[in-house]
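First comes the structure, then the notes that go with it.
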Amino acid sequence: MKIVVDENMPYVEPLFGDLGEIIPVNGRTLTPEQVQDADVLLVRSVTRVNAALLEANQKLKFVGSATIGTDHVDLAYLATRGIVFSNAPGCNATAVGEFAFIAMLELAARFNSPLRGKVVGIVGAGNTGSATAKCLEAFGIKVLLNDPIKEAEGDPRDFVSLETLLQEADIISLHVPITRTGEHKTLHLFDEARLMSLKANIWLINCCRGDVIDNQALIKVKQQRDDLKLVLDVWEGEPNPMPELVPFAEFATPHIAGYSLEGKARGTFMLYQKLCELLAIPATKGLSDLLPRFNIKAVELEQLPDEKALLQLARFVYDLRDDDAVFRNCFAKENGFDIMRKNHKHRREFSALALAYRGQSEVDWLSNLGFSGVGR
């Protein structure tokens with residue numbers, strides 16, 4: 001069995017090595033010739049999977065995408081061919097939620113404007129939006145959710161209209177899929193008019209898809225509104241973001257919000273489980289077998305952390321400032337965006353860091369944030 005796999009997908013060899021011949025490829029430049037003999041194709045969001053790519057292949061059984069979204073895959077075409085498809089919904093949700101939360105802590109520190117007391121509006125209450133809300137609510141932050149699709153489906157959570165969210169939120173975090181047509185179109189959901197209407201001193205964080213915000217309009221608005229603070233992990237025109245926009249972002253990164261070691265391993269592992277199910281063989285490998293030990297054994301707390309101390313703990317796990325600095329230095333270089341993604345260091349999730357606390361105060365909120373080992 002030939003398994004063609006994006007070369008940037010981690011843990012493929014230990015998971016799939018016993019199942020067939022692994023053929024690593026560049027996912028962004030993948031050609032029909034490279035997949036014409038594949039039995040299994042494993043991709044990320046940079047690969048367009050459609051008839052043009054697969055028409056020469058008559059033996060493909062399974063396509064797996066280690067992503068939450070599926071907009072890069074022609075699902076209808078795969079169905080007509082009888083090709084089984086699986087993605088990895090939620091695989092990097094924790095990573096994205098923690099990224100957005102850390103970004104808010106960093107902005108709070110940079111502008112001496114505490115996160116506690118602010119209202120955060122989350123647009124899109126799926127896996128990543130829910131993970132962001134979980135972090136915020138654990139820290140005692142009021143969260144407003146907007147997701148008309150989930151609301152219509154009967155999701156029991158409380159939702160508000162986008163207009164209400166824009167009026168009441170001090171921070172907006174975007175977590176919607178890209179939808180180009182229809183009643184709930186998200187393409188340029190934040191156009192020039194909507195960006196100009198945002199309340200004063202708003203923080204806007206985009207961790208979903210670059211073209212949910214009209215980036216050209218965002219440049220124009222930022223030229224007029226210095227009070228609008230931006231954290232951008234995604235960009236229109238990836239892998240070539242508009243260079244004029246980068247200086248306007250407080251933190252800028254190359255679409256790596258979901259790039260935790262845990263999240264990346266989880267995505268590959270979910271595809272391994274699905275392929276084993278398709279092949280009717282037992283999944284003998286475990287996710288816990290893949291992850292290395294964290295380089296900090298534990299942090300002993302003499303007292304529970306305030307907001308500034310929490311940021312220091314978060315930086316033990318992930319320092320957003322480092323990725324921001326690398327991005328500004330490299331994004332304009334040839335293939336810089338993709339090189340940064342490929343060479344992204346092994347960021348961990350909060351769960352990798354154990355905290356030891358023996359005081360009498362309530363510690364559940366630290367556990368709910370995801371830190372491990374919290375106890376009295």
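Cβ from N, Cα, C; glycine included.
Counting only residues at least six positions away in the same chain, the Cβ atoms of R44, S45, N87, A88, C91, G267 sit under 8 Å from the Cβ of T67 (substrate binding site). The DSSP secondary structure for T67 (substrate binding site) is coil. According to Swiss-Prot, the substrate binding site annotation covers S45, T67, Y259, on the basis of sequence analysis.
With a cut-off of 8 Å between CB atoms and residues at least 6 apart in sequence, the same chain places I68, C91, N92, A93, A95, V96, F99, T128, C207, K264 near G258 (NAD(+) binding site), listed in sequence order. Here Swiss-Prot flags D147, D233, G258 as NAD(+) binding site.
Marked as active site by Swiss-Prot: R209 (among others). Around R209 (active site), the C-beta neighbours below 8 angstroms that are at least 6 residues distant in the chain are G69, V176, P177, I178, T186, V234.
DSSP assigns E238 (active site) to coil, not to a helix or a strand. Taking the Cβ of E238 (active site) as reference, residues of its chain lying under 8 Å away and at least six apart in sequence are, in sequence order, G210, H255, F337. The active site annotation in Swiss-Prot covers E238 (among others), and the record cites sequence analysis as its basis.
With a 10 A radius on its CB, H255 (active site, proton donor) counts 23 other CB atoms from all the protein chains. Taken from Swiss-Prot, the feature active site, proton donor covers H255, and the record attributes it to sequence analysis.
Taking the Cβ of Y259 (substrate binding site) as centre and 10 Å as the limit, one finds 24 other Cβ atoms among all the protein chains shown. The highest number of surrounding Cβ atoms within 10 Å, among the binding-site residues D147, D233, is found at D233. Between the CA atoms of D147 (NAD(+) binding site) and Y259 (substrate binding site) there is a gap of 25 Å, rounded to the nearest whole number. Residues D147, D233, G258, recorded as binding NAD(+), reach a greatest CA to CA spacing of 21 Å.
Reported as a whole number, the C-alpha separation between D233 (NAD(+) binding site) and Y259 (substrate binding site) equals 11 Å.
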